[in-house]
Amino acid sequence: DQDEETSNTSESLESVSLADASAEKATQGSDTDLEVEDPEKAFVGITGTELYLEACRLMEVVPVSHFIQNLAKPYINLNHHGLGPKGVKAIAIALVSNTTVTHLELEDNCILAEGAICIAEMLRENSSLQELNISNNHLDTAGAEAIASLLLDNMSYLHTLQLSGGLWLQLAGRSHCLCTFVSLQGNYQVKELDLSHNEFYEKGGQLLGQMLASNTTLEILDLSWNHLRRQGTVALGTGLRSNSALKILNLSWNGVGNEGALALGEALKVNTVLVHLDISNNQINNEGAKKLCRGLEVNGKLKILKMANNPLTMEGASALVTSVRKNPKSMMEEINISNVLVNETFIKLLDLVCQTHPELDVIYGEVEGCIAKIPKQHPNPMKVIQNYLKEHNLRLWDFFRNIDKDGNMKIPVAAFQRAMMQQSSIPLDRVQIGELVRKLDRNRTGVVDY
């Protein structure tokens, strides 16, 4: 009976083997290569490892031991393994009915369109995989369309998808594929999408702007390094005005310019969900910063603004900080302008703003004149706290517990800064509190774990 069952399984594997012509068949609308006549019969009595080994035999590829060793675990990392399309086909076959793997990394494996089509077909059957990375795999138009069609049909359980630098679309197919990606406006599964390094240009920005206008699920979107420029960013800004889901948007390295900054500023006037915006390295000068500030002066949701490596001076930096001062509803916690040289006037302005917005942390460059003269020395903030506790016969534990209202021994950085600024018992200024935060949150997790 076992011999007969093994024979049946082998025949079933033959039926699901993805031969060299599978990609061509798939693009012509043939039945999926992963389908079998009797799926229940095909997988009875055979483990995932056995299925994978048999698939490798049929594909004539060497099995990956790391895949076999981790097939029963939720996370598998096969980045940079040189799998190729046939190697990925074998993995796709093994994962069709797998119920344990939830996160799969396949970056830089040259899977091409053929492999992407197989992955898409597997995802239509698999109900466990939630996070997938197929970045930098030269998917071409056919592969990108297969993935986009999967999203359009809401046929997978993916909530995180990384496609950075993986599309490599030919000019003739770029617009068509991007139109398919606009299908995300009807997708209710994907929450995090990485489309960075794909050279979408302005047309891509316009189409993705349309998607943002109606998508109600996507929360994290990375569009960095896509040459979106002015028109693409203007379209994205229009989409952001009516978007009700996106929380984190990365538009760094896109040549946004001042007109793009204006569009984003207008979007921030009405957007009520975005909390993190990265527009670093975008040729935005002081004029563009002031245009962006029109939105910052009224926005009551944005917490993190990254604007490093834009050609800003003290004038633009002051405008950004002043916009927070003008906005009583501002929730801003971090402004990153780390390349900007500031002066003592700016420092005084920042100190003044932090009195009403104690959670604000502005990351700037050097302070003008401090290189020539000896910088002001501040007492070690932890020593200041320890001395205070010793004088008042208190424990460090009690000090932190007074700040930690929830009692979980972890305090959000913004809440910690606010509490430290507002307490009057221990004489610490903004700079010392910033130093204290950097010591207590070395990995910049956003949480002080005391």
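A Cβ is built for glycine as well, from the same backbone N, Cα and C atoms used for every other residue.
Feature annotations, courtesy of TrEMBL:
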- 7-18: compositional bias 'Low complexity' (COMPBIAS)
- 391-426: domain 'EF-hand' (DOMAIN)
- 1-36: region 'Disordered' (REGION)
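Sequence-distant contacts of the domain 'EF-hand' (391-426), counting only residues of its own chain at least 6 positions beyond either end whose CB sits under 8 Å from a CB of the stretch, comprise 303, 333, 354-355, 358-361, 384-385, 433-434, 436-437, 440-441, 446-450. According to DSSP, the domain 'EF-hand' (391-426) comprises 19 helix, 3 strand, 14 coil. In the predicted model, the domain 'EF-hand' (391-426) has a mean pLDDT of 81.
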